[in-house]
Amino acid sequence: AEKIKICLQKQVNSSFSLHNGFGGNLYATEEKRMFELVKPKAGASVLNQSTWIGFGDSRTDKSNSAFPRSADVSEKTADKFRSLSGGSLMLSMFGPPGKVDYLYQGCGKHKVFYEGVNWSPHAAINCYRKNWTDIKLNFQKNIYELASQSHCMSLVNALDKTIPLQVTAGVAKNCNNSFLKNPALYTQEVNPSKEICGKENLAFFTLPTQFGTYECKLHLVASCYFIYDSKEVYNKRGCDNYFQVIYDSSGKVVGGLDNRVSPYTGNTGDTPTMQCDMLQLKPGRYSVRSSPRFLLMPERSYCFDMKEKGLVTAVQSVWGKGRESDHAVDQAYLSTPGCMLIQKQKPYIGEADDHHGDQEMRELLSGLDYEARCISQSGWVNETSPFTEEYLLPPKFGRCPLAAKEESIPKIPDGLLIPTSGTDTIVTKPKSRIFGIDDLIIGLLFVAIVEAGIGGYLLGSRKESGGGVTKESAEKGFEKIGNDIQILRSSTNIAIEKLNDRITHDEQAIRDLTLEIENARSEALLGELGIIRALLVGNISIGLQESLWELASEITNRAGDLAVEVSPGCWIIDNNICDQSCQNFIFKFNETAPVPTIPPLDTKIDLQSDPFYWGSSLGLAITTPISLAALVISGIAICRTK
């Protein structure tokens, strides 16, 4: 009889790369980065489709006769906007004659404003003021600020008021022989007498706590008054000095102008200019006192519930060729912390006409159709990778990637994986540091590792039989390192908050620190991933070694009395008793079934954070249990000896 020895032998050649891990090493035919770099998409997007609302005009108005050619958004996104062609929030606030007057109201955690162009220099609104850009800037800034602190907002288009009997609603020649709806102009018709100027005006208005279904915790009110260049211009009838002042219920001055105590401009001119300051006022009863002849009475407000902080996106709103625009929206964005601006790079070129349906704007606003994982001034991201090539400009919200270089992202083994023995990778002398990770976060943190060091992560689980680390202990190592990473990050945030408290007066210092912190977080995360990679490699190596023994056991069972196992993974067979077909049945499963495999490697890692990026406690979660790579028959050679 001819006896032969058949063994399982792992095939490794120069095409394999070696990967070291905690508890075991691997040879692999391929490797891949744990994450790829992502690139943000320019424009606007939202974190949650169910929690945002838009405020717009004809470019988001589905009722426009030229829709969808007139729109800069999709039909789906247009449904989320409160819009009317020709409208704007400021037009509805002041109500100039002949302009669209739309009741803007709605609720959402994230508010997108794409309006404003309908009140611009092209509109040529006069009413005692030819250039309203500075008032528009102040108005938009206050709208964005209050919207970022509220869930709901609404125009209040009719305030309760008490008007003095001696005044009547007036008009003005330089306001199309009409006047604004807010403020309303009231005048006194005075017959020649000793009191030729009439009497001082005293009126009252009430800011409600609720308007329809909308709760009002704070109102935006326009406090308007005339500015005279000199006392003589106003005092043509011997009316003394001009004043128009608003008082709260306690008698405190909250807005207006009083030339009895404040100087006139000193300029030369015969026509006054109207100025409107934006006041943030609580609900309640207010009084207005003015000098005789004129009374400018607040008639409208925007009310805000101030229930939750939210996100605000302002979209640049400009005309196409031939019409003059302003940049109040852009400037208001710069003045509003946490506000994101979507800005064109090219002139507006419309499809429906010169001013409606711009392709660039459609691309910039296309992200509103989707949910993003991260939105920022640099753009939006919906990929799951935690890294991007460039630093994302703040503000940013959601699960935003950190800046990193591609070569710094750890690589993991892929393709055909073959374990080493494992006996040469046991940690016998624990270290007191993990990759110096305590130095990664600009000296803010110190990581105290238990006396067992790395061995503590593997719970000191050396196999009694001599080599390797158990799969169970490696999995426990994942749990332990995950907990320590959470502690590390919690300590980071506490230190960051303390530093922020110390330098809140210095905005540039905050910006510099923010960048430093983000860079440190990126470095720390890369360090954490390096640890996880090493645990992954060790865990897979251990599992693959176990799978080899399982395969050997299966072969022994199939062979029965036809083969004798003389050492782990080696059998003696009588060639005369068990021919080639017999051997194929035993060792190749008669090629009718593959060698039992284990599920493929899944290294998906999900970085979780609060909806608001800064100050959040980042958490690291392995979303699925780490599984083992498949062993295929082509990865095993059968070595025969006589």
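Each position is counted from 1, following the chain as shown.
Quick reminder: no glycine exception, Cβ is built from N, Cα and C everywhere.
Going by Swiss-Prot, these are the annotated features:
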ACT_SITE  Asp353  active site, charge relay system
ACT_SITE  His356  active site, charge relay system
DISULFID  Cys197-Cys239  disulfide bond
DISULFID  Cys216-Cys303  disulfide bond
DISULFID  Cys224-Cys276  disulfide bond
CARBOHYD  Asn13  N-linked glycosylation site
CARBOHYD  Asn48  N-linked glycosylation site
CARBOHYD  Asn131  N-linked glycosylation site
CARBOHYD  Asn176  N-linked glycosylation site
CARBOHYD  Asn382  N-linked glycosylation site
CARBOHYD  Asn539  N-linked glycosylation site
CARBOHYD  Asn590  N-linked glycosylation site
REGION    83-297  region 'N-acetyl-9-O-acetylneuraminic acid binding'
REGION    297-351  region 'Esterase domain-2'
REGION    352-637  region 'Fusion domain-2'
TOPO_DOM  1-617  topological domain 'Extracellular'
TRANSMEM  618-638  transmembrane segment
Packing count at Cys239 (disulfide bond) (other Cβ atoms within 10 Å of its Cβ): 17
When you rank Asn48, Asn131, Asn176, Cys197, Cys276 by Cα distance to Cys303 (disulfide bond), which of the recorded positions ends up on top as the closest? Cys276
Rounded Cα distance in angstrom between Cys216 (disulfide bond) and Cys224 (disulfide bond) is 22
For Cys224 (disulfide bond), which of the three DSSP-derived states applies: helix, strand, or coil? strand
Across every protein chain in view, the count of C-beta atoms other than its own within 10 A of the C-beta of Asp353 (active site, charge relay system) is 11
So how many other Cβ atoms are close to Cys197 (disulfide bond), meaning within 10 Å of its Cβ? 19
Quiz question: given the disulfide-bonded residues Cys216, Cys276, Cys303, which has the greatest number of C-beta atoms lying within 10 angstroms of its own C-beta? Cys303
Cα-Cα, Asn382 (N-linked glycosylation site) versus Asn176 (N-linked glycosylation site), nearest Å, comes out at 51
Please list the DSSP helix, strand and coil residue counts for the region 'Esterase domain-2' (297-351). 7 helix, 16 strand, 32 coil
Cys216 (disulfide bond) in three-state DSSP notation: coil
Long-range Cβ list for Asn131 (N-linked glycosylation site), cut-off under 8 Å, min separation 6+ in sequence, same chain only, gives Pro121
Whole-number Å distance separating the Cα atoms of His356 (active site, charge relay system) and Cys224 (disulfide bond) is 34
Among the recorded positions listed as Asn48, Asn176, Cys276, Asp353, Asn539, the Cα nearest the Cα of Cys239 (disulfide bond) belongs to Cys276
Should Asn131 (N-linked glycosylation site) be counted as helix, strand, or coil on the basis of DSSP? coil
What does the structure give for the C-alpha distance between Asn539 (N-linked glycosylation site) and Cys224 (disulfide bond)? Integer Å is fine. 72
Validating a neighbour-count step here. Other CB atoms within 10 A of the CB of Asn382 (N-linked glycosylation site): how many? 17
